[in-house]
Amino acid sequence: MDNNHKGPNDPNSKKPLLQNPLLLIAIFGIIIFVAMRVMNSDEGFGDRFLSTSTKNISYHEMKELIEKKEVDSVSIGQTLIKAISKEGNNKTIYVAKRVPDLSLVPLLDSQKINYSGFSESNFFADILGWLLPVLVILGLWMFMASRMQKNMGGGIFGMGSSKKLINAEKPKVRFNDMAGNEEAKEEVVEIVDFLKYPDRYASLGAKIPKGVLLVGPPGTGKTLLAKAVAGEASVPFFSMGGSSFIEMFVGLGASRVRDLFDIAKKEAPSIIFIDEIDAIGKSRAAGGMISGNDEREQTLNQLLAEMDGFGSENAPVIVLAATNRPEILDPALLRPGRFDRQVLVDKPDFKGRVEILKVHIKPVKLANDVDLQEIAKLTAGLAGADLANIINEAALLAGRNNQKEVKQQHLKEAVERGIAGLEKKSRRISPKEKKIVAYHESGHAVISEMTKGSARVNKVSIIPRGMAALGYTLNTPEENKYLMQKHELIAEIDVLLGGRAAEDVFLQEISTGASNDLERATDIIKGMVSYYGMSDVSGLMVLEKQRNSFLGGGFGSGREFSEKMAEEMDSFIKNLLEERYVHVKQTLSDYKDAIEVMVNELFEKEVITGERVREIISEYEVSHNLQTRLVPLEEHAS
């Protein structure tokens, strides 16, 4: 690359005069000023080139000139009277202040002198009324143009100069700095070998992969993994977001793709990383493009051409891209020869969460009571970024409380903040509402502990959290769930209905607190019918397509079944909800006294642990000589 080249935004490079906004504004201002002065005068353009002089006289002298016929014409304004003399080319303009005089016009008529009226203009009013708005609009236009020029790396006529905005970095991240994605790391380890020893593979006739697509949910470490590959291989790392290629002008995105690959080739071996590639790689068959000249489509076509065009045998350039929406990418982008491999960077399992917590806990001063395995059990389903945030939040909590070490209680509080939201201690609720919340959460807890396939209870609280929750039951599974059996889905429905059922059984009146529970229960049954084939309504037929597994998009937006099928689906959902609701109410009725004890303790302490919930249920069963219905740990969802 030519390091001596100065781009248009180089502070040491001189701008042409006509590109200076202030100079252009001044020029336009002078032109407008001259034009307005000419237009507002009572003389023509021809009179400007004659030799004229102006003389101020009294009104009496003006009348004498008119009476002696020494003026050729008279112009009458609101406050002034102007008269032009008859002295050939050397004319004199006489100006007098007008006074109320009804005899002036008859005098002009009697002397047969031409007269007319003229409007007197105020120069400063003209400036404010005409010149100032024009200059303001012009200034705004020049400001926007200069900003656009900077963003586009040189303006409309300087697309190629965006090269100077593309800088290589040498990441210091290594695979040891990552945890919880061992399978993903194994998939990309050989990419490091390709970059370090390209001749070894070329001598065997092997073709080095041109592209690797990293897919997975948000926050799982896709960007970090790409940097680790470059760090391990010690090669230049060129990173751009997919949206950085798209601009207002068609062709600019394609130009940036060319610039990016040109620079990467000169620095080869190197890595190009495109984050959120779905911004430019959306499928052209999905109806997302406006026309064949759409900016996104041109950018995608250029990317496809570049990945086809560069050779990688001697000087490899490998493209890494990240997305959490692989299902919308263009098939041409995913074919062999472009993105040869897809690597899943998924949420960590229990072991992975422990390792991630260990990585992020290194700079934190810990108390002796910290148990990372317990925290890992409470954080099933969270991504690496969530775990890093929990560690940081725990450190902030300890500092806020003037503690010298981070304790287990700080980590647990940080987990609850991440799952349920910020604790609202200042939110005051009435005793009546507090009672409703206590019964509601107790219902969730009891059904969760007595239903096979549900998650165990870790904590029950009636302290408001987040934007809307007045209480919550924390019952996270110890491990991620990749499959769910039908009885586990039914168990989840029962737990969700436990809150509403408890209100119904103990208070004989229901509230709006169960709205989200009912919505989630309905969605589960809808999925059983339309997607999982777990009902007699549609049998094994899939009625709706799942949208996006990584972003939690739910089920398809378009309905692909008949009105009759829709009616049968609605009937099935309603009947199953009613059936499970009756079952849950009966279970709660059987354990009325246990729930009353739980509610009283919640009123007193506001928080009880999962162990205490199980103790209350066991004590009730022993005192009433009942066979235990508590579900053993191994039969809970884990």
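Each residue, glycine too, has its Cβ placed from N, Cα and C.
Within D369, D371, D386, D517, the residue that Swiss-Prot lists together with H440, H444 for binding Zn(2+) is D517.
Ranked by CA distance from G219 (ATP binding site), the recorded positions H440, E441, H444, D517 have D517 at the top as the closest. Between the candidate recorded positions, E441, D517, the densest Cβ environment within 10 Å is the one around E441. Taking the binding-site residues P217, P218, G219, G221 in turn and counting surrounding C-beta atoms within 10 angstroms, the largest count is reached at G221. Ranking the recorded positions H440, E441, H444, D517 by the distance of their Cα atoms from the Cα of T220 (ATP binding site) places D517 first.
Sequence-distant neighbours of K222 (ATP binding site) (same chain, 6+ residues apart, CB-CB distance under 8 A): L214, V215, G216, D275, A322, V345. Take the CB of T220 (ATP binding site) and look out to 10 A: across all protein chains shown you find 26 other CB atoms.
Nearest to P218 (ATP binding site) in space, judged by Cα atoms and limited to the recorded positions H440, E441, H444, D517, is D517.
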